[in-house]
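Visitor: What follows is a structure written as structure tokens; I'll ask about it next.
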Amino acid sequence: MKKVKAAIIGPGNIGTDLMYKLLRSNYIEIALMVGIYPQSEGLARARSLGIETSHEGIGAVLREPDIKIVFDATAAKPHLKHAPLLREAGKIAIDLTPAAVGPYMVPVVNIDEHLEADNVNMVTCGGQATVPIVAAINRVAGVRYAEIVASLASKSAGPGTRQNIDEFTETTARALEVVGGAGKGKAIIILNPAEPPIMMHNTIYTLVENPDEELIKSAVFEMVKRIQEYVPGYRLQVEPLVEGNKVTTIIEVTGAGDYLPPYAGNLDIMTSAAARAGELMAMRLLGVYKPERGDSCA
């Protein structure tokens, strides 16, 4: 089967975990992994798997006309520089940084709206874990306000996450509104230093217009099943608890352990969502994409 050639920029934890996921894809071929440090462990791993590598950064990607999709797993500032260069080169950018140059992408909610975009942003780990639940509740109950608390193992939060705490909360809150449909969104992140490290937990509070418990639970259960198609470790820890017009739901995410440890579910859900988005976009380029169940809850 023909595959779409793709590149990964950024051979760190996120980029390396993403690489392992994309190696299983039926529609994407990783043609290149690039970084800026010749001795990078991620580049060495890629080479050991037979993937071409370069330490010349984005320049190496721009020189390859056959590469159609580029996953940017660097940081917000580099992506702001990369985005216009990739656009000019006619390449699709899937942005795993907080830069948010393109529209927010939560595959299970709004893939069809942005399938032909040349740059999409994967929001945040908290966004990928919670926006679908808010969208599901909003569809049947009307969400006036959504507040999420993402608790992550401190060990899973590298320097990039720690430097981007403000961007995390702002981007996640905005995505709760723009993609999830909430009238107002708020996000809080907690880095938990407990040993052994905790799994990623997300508590989702919503205030709704129509607190129909049966409809809300049905919508959430269906959404969880759909997310599990690409994030097997995603599970409903506490099913929707309806108290008046307040609905509380708790989600746990366990990582697949492709490269990162299972407790790093926050990173795993980002790479899983990016791989899912990339694969669906590749299917469109190959002319084989067919919407399933109307991949939009908006």
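FYI, residue positions are counted from 1 along the chain as it appears here.
A Cβ is built for glycine as well, from the same backbone N, Cα and C atoms used for every other residue.
Annotations for this protein, taken from Swiss-Prot, read as follows:
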- Cys125: active site, acyl-thioester intermediate (ACT_SITE)
- Ser156, Ala157, Gly158, Pro159, Gly160, Thr161, Arg162, Gln163, Asn164, Asn266: NAD(+) binding site (BINDING)
Visitor: Between Ser156 (NAD(+) binding site) and the residue listed as 'active site, acyl-thioester intermediate', what C-alpha distance do you get in Å?
Guide: 12
Visitor: Looking only at Cβ atoms, how many others are within 10 Å of the one on Gly158 (NAD(+) binding site)?
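Guide: For Gly158 (NAD(+) binding site), the 10 Å Cβ neighbour count is 13.
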Visitor: Might you list, by sequence position, any residue in that chain lying six or more from the residue listed as 'active site, acyl-thioester intermediate' with a Cβ less than 8 Å away from its Cβ?
Guide: Ala150, Leu152, Met200, Asn266, Leu267, Ile269, Met270
Visitor: Measure from the Cβ of Gly160 (NAD(+) binding site) and count the other Cβ atoms within 10 Å, all protein chains considered.
Guide: 17
Visitor: Within the chain of Asn164 (NAD(+) binding site), which residues six or more apart in sequence place their C-beta under 8 angstroms from its C-beta?
Guide: Ala75, Ala76, Pro98
Visitor: What is the biggest Cα to Cα gap, in Å, among Ser156, Ala157, Gly158, Pro159, Gly160, Thr161, Arg162, Gln163, Asn164, Asn266, the residues listed as binding NAD(+)?
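Guide: Comparing all Cα pairs, the maximum is 16 Å.
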Visitor: Check each residue in the chain of Arg162 (NAD(+) binding site) that is at least six apart in sequence and keep those whose C-beta is under 8 Å from its C-beta; list them in sequence order.
Guide: Leu191
